[in-house]
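Peer 1: Quick paste from TrEMBL:
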- Cys140-Cys176: disulfide bond (DISULFID)
- Cys321-Cys358: disulfide bond (DISULFID)
- 20-164: domain 'Lysosome-associated membrane glycoprotein 2-like luminal' (DOMAIN)
- 208-348: domain 'Lysosome-associated membrane glycoprotein 2-like luminal' (DOMAIN)
- 367-398: domain 'Lysosome-associated membrane glycoprotein 2-like transmembrane' (DOMAIN)
- 365-388: transmembrane segment (TRANSMEM)
Amino acid sequence: LYCYFISIAELHLSHATEVSVNNTENKLCLYANLMVNFSVTYEVGVNKSETVLFVLPENVTTEGSICNNTTSTLKLGFGDGHSWAVEFTKDNKTYQVDSIVFTYNLNDSNVFTNSTSNETKSVTAKPRITNVGVDTYYSCKSENVQRVESVTQTLYDVTLQAFVTNGSKSDTDTVCTADLTSSTVAPTTTVTTTAAPTSTPTPTLPTPTTGNYSIAPDFNSTACLMATFGLRIGFKQGDKVETINLVPSATEVGGACGVNSSILILTSDTINIMFTFNNDSKKFHLHALNVTVKPATGVAVVAANTNMSIWVAAVGSSYMCNKEQTLTVTETLTLYTFKLRVQPFGVEKGEFATAHECSLDDTSILIPVIVGAALAILILIVVIAYVIGRRKTYVGYQTL
């Protein structure tokens, strides 16, 4: 297994940044509604670095944005000296994004904790956002990952329109290639936990190998997040249901340990899954799942659920479920876990704390049910015997 550590600064997964820019005539000329995640690795000591994960916030400024006939710039400022700028160019019939310039201030201690540098740095990415029809907006639900030097930018749920005419956003879109070749599922709030739903075909794959995953602040520290489980994913390809197992030996492990939110990220050639755990100081739970499956044949499947409340246990304890659990993330994607145990908060000495067992494992619940059922049956037998005895006695009296 491969492991790296990420710290968290104001990470929220379920909001978008929406902005409108007007021209000198006070008419709309640029529009954006999108989500951007940033991952930045920076130095905190000699031969020592950390990686921070944060998002483009909802509240940004548009100072520095420019609208011209053939070139435009959308510049979003946020935080303490950070900015994200998109450069557009246009020809007669189409426009495109030439570059995205992300500028970040390492002197911002709220984001870059313990940074040894106070520089302001910039990286320039060249995304493939081209051939967008004039008078249309660019639409892309799928992830667009841009890696430059020590910075990774992930764009998703993107709506962009430059060179707006008539002062209003177009109703016609130019859809990105990734959305045309993938099945992207919008977030849902439906979550179920069952032992074996009849609507899901019996998987033909062997039981998944149990993987042991952990996150530590650095190589010299013990784990702050621990998880062990086997994982299978079921997903729809048209009318057909496919299944795939996560292979621990071919999986990279990443994530983050926070005070109120922790993240576990598992990445292989075919599966990318992010578990987000929240806690309210007393109990923790699995809050969100973001899953991408890239099967050997067929199209990629993207699914997300950001309103979950499962795998609940007290902070400082672990959650365990040895029996197979079924989690319906969306209508087209289902997770199956085997021999699950997780502890995203309060890990001490690199060991799991006392486990809260799921109802499927808890045999103490079954014992009173079984005893009660046995007593009910015994009472029923006694009643039936009594009725039969009374009937025989009554018949005997009639004969006499």
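Note: Cβ is positioned from N, Cα and C throughout, glycine not excepted.
Unlike curated entries, TrEMBL annotations are predicted automatically.
Set these features in their place in the structure for me.
Peer 2: The Cβ of Cys140 (disulfide bond) lies under 8 Å from the Cβ of Ile129, Leu155, Tyr156, Asp157, Val158, Val175, Cys176, Ala178, Asp179, each of which sits 6+ residues away along the same chain.
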Peer 1: Would you count the other C-beta atoms found within 10 angstroms of the C-beta of Cys321 (disulfide bond) for me?
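Peer 2: I count 24 other Cβ atoms within 10 Å of it.
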Peer 1: How do the residues of the domain 'Lysosome-associated membrane glycoprotein 2-like luminal' (20-164) split into helix, strand and coil according to DSSP?
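Peer 2: Its residues fall into 0 helix, 90 strand, 55 coil.
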Peer 1: Just to be sure I understand, if DSSP states are collapsed into helix, strand and coil, how many residues of the domain 'Lysosome-associated membrane glycoprotein 2-like luminal' (208-348) fall in each?
Peer 2: 3 helix, 91 strand, 47 coil
